[in-house]
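Following: one structure in structure tokens, then a few remarks.
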Amino acid sequence: MVDQNKLLRCEKMASVKVAVRVRPFNQREIDMDAKLIIQMNGKKTGILNSKANTRDESIRYKEFTFDYSYWSHDDDSEEFASQEQVYKDLGTEVVDCAFQGYNACVFAYGQTGSGKTYTMMGSSDSQGLIPRICKALFERMAEDSKRGTTHRVQVSYLEIYQEKVADLLRGRDTTSLKVREHPKRGPYVQGLTTCLVTHYGHIQECMNRGNSHRTTAATNMNDVSSRSHAIFTITFVQAGYCDGVPSETVSKIHLVDLAGSERADTTGATGQRLKEGAHINKSLVTLGSVISALAELSIESHGQKKFFIPYRDSVLTWLLKDSLGGNSKTIMIAAISPADCNYGETLSTLRYANRAKNIINKPTVNEDPNVKLIRELRDEISKLKALMFNEHRSDDMLAQLHEKEAREKELTEEWAGKWREAQAILREQRALGLRKAGPGVVLDSDRPHLVAIDDDPLSTGVTLYHLKEGVTTIGTEESDEKQDIILRGSGMEPKHCTITFENGIAFLNPSPGAQGCIIFLGRAHVFRFNDPAEAAELRKGERTINLARLSLLSWSTPDLATSIENLPPLDDDKYDIESQRLNLEKEKELFEREQEEFEKRRKSLEEAQAKLEAEKRDMEREHAAQARQLQENWRQIAAQQKQRELNKNNGNKSCNERKMNLFCRGRS
């Protein structure tokens, strides 16, 4: 059953929740003998303008109230807010809402060097919100799995650098990705890598890989200033049965580390750093405009004024469209400096945060439409059964009940089959180490292996053979000794060759540094040898090897020509080739028949889906017509009642008049 307390906590997050966190003095501020200008008391945060030449307290001191005010300036203070405290207040709510099926977003805002990245990512000995949320997700998943719930988690990591989107999980790829917008799912990045993760260690690897590719640089304000906005997205799918009814929800959690706002005179930015700062400030100004417009829209929600929200004025606000005023539970963390030298930037951050708390989002549970339809059918079946129990049972009502029960059972079985199939595919992907990379699929392997280069037009798969430590034998099924790798085809000997792998070096023909070697076995088998460990060492030594360019024709042609010249004549193999050709033709015909059958099944499913949608629309129209008829009946009953009351009053009036006439006649 759903934890009602957690559900209530989620419902309270309809408004954007805002927290403010003040960091300790940094070395630059200590060297400047900076003064503390921030005060916190409970939920209130105050800022003092120590340089103002006035006694007017309203000008010198300004106070704001937020959902949370975190005093992280002095770790000796009783009010000190640690990373753990920030997670307990904010991170646990994100995890709770994700398990309820809501989208969630956390973003940190503030000037450069204010502690945003520390709050979001943390350090090796003091983790921030992002790793803690990820860890809690997998801990909760392990608990839910014991109750029969299944889960799927995918992550993506992108940065927005100078208004261009880069894929942090794809490495140093300079290709800028395009942002698109789906009419129902909202904005998304086309071709972004998504990694299937099955445990916390895997998600940590993705974070570390992405963080190593982020764009940072030193400025006067921060030695490792983030020069880009980063968005780490977790797609969390959970499915199971609740009281016998299927349940499937999809939640997206956006964890955003924004680049800091900055002034060129304080950061000392010139050249490339100045250009980066201009792009950062442009996107943050747009973010501020969006926050202001949404806050005003929420305040004036009952008025007639129309507001334009400039989401598309920057890539950042476009991608965060759902998180700001849309389908999401959103938390903003305003990171501020405690120093008087940063008074202007700190006050600006507090004002932004004060406006953001007025934004009202419209979060909804992201439920699978088929599961929702199954639940609605269950409700209708229950109502029909209650109606049949309380009233006279008719044949039409019984037929309608049986029809809905059959349809509900069919949809439930279809959903269960789909989910079992998806889980089987995921298990296979996990076993193989597959992950999605843009439009392609990457197979991660840390063991030496052979990759088959197959030019067969009917072959649709990729074959990979791992090499064991020691001797790996390659041959055919006819060998009197079992071969580790069995190949069929022209030119293959029963015991064709061996590959010895010792101390990180593979020997076919002894050749240290054989990464990417092309091997031709017989007439039909071409392999490329890969050793991931050796490749990693070569990368460390800054030796550039582009395996994509090591083609069969580019540098192996002389070796191949020599190998082919030494092969036996083809006369002995004509029969085998003809036999293989006939087999291939049969396989092709079988494949085409299977393709036709698949197409028929697909069309049948589409027709069934269309029929189901049509029946649903008919039921909705019938329900609306019944509601209108019921309303009309009530109106007629009310009119009849009113007429009866009127007739009764008129009758009483006539009776009184007759009595009065009789009385007058009697007196006369």
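From the backbone N, Cα and C atoms, a Cβ is placed for every residue, glycine too.
Caution: TrEMBL annotation is automatic and unverified by curators.
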> Taking 557-612, 613-668 as the choices, which stretch does TrEMBL tie to region 'Disordered'?
Replying inline: 613-668
> Per DSSP, Gln111 (ATP binding site) is which: helix, strand or coil?
Replying inline: strand
> Which numbers of helix, strand and coil residues does DSSP report for the compositional bias 'Polar residues' (628-641)?
Replying inline: 14 helix, 0 strand, 0 coil
> Just counting, how many other CB atoms are there within 10 A of the CB of Gly115 (ATP binding site)?
Replying inline: 23
> Roughly where does the domain 'Kinesin motor' (15-359) sit in mean pLDDT, to the nearest integer?
Replying inline: 84
